[in-house]
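One structure below.
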């Protein structure tokens, strides 16, 4: 969810992430919104050996009242920073409000990615994974039963065929047709 102002906020969803300050060479601020399932990345050119400090706050957005709700326990964010070479400088889970820091050791464009670690989404994903696992086990069990039933039917058909051939042979021998 991107944008600032009341128009885009109405269309936005469940959660907003406010990044209040990002200090690299000078004090600059970013303010943006991000949804529960979204990942927001941006690229910042950072000089060598520069300490970057980001202050943030995550809050839920109430669509009906059009206000931000107070921070909830378990609601937070994950921050991942990669240097210009693609090496991970920082990858960590954070709470609903606070700050993150890292020091650049290579000058150039650093990629900073943020996304929600909402417990609601984690519970939803956990339940989904449980259902998927249960469904997979049921499917494998059904597949195994179908395989054994097919083998049993094939054996029964072969035995029935052998019995019929012997029975017909003895019938024709008794009638002296063979």
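Just so you know, glycine gets a Cβ as well, placed from its N, Cα and C.
Matching 126-145, 146-165 against TrEMBL, the residues noted as transmembrane segment span 146-165.
When pLDDT values are averaged over the domain 'GOLD' (39-178), the model yields 85.
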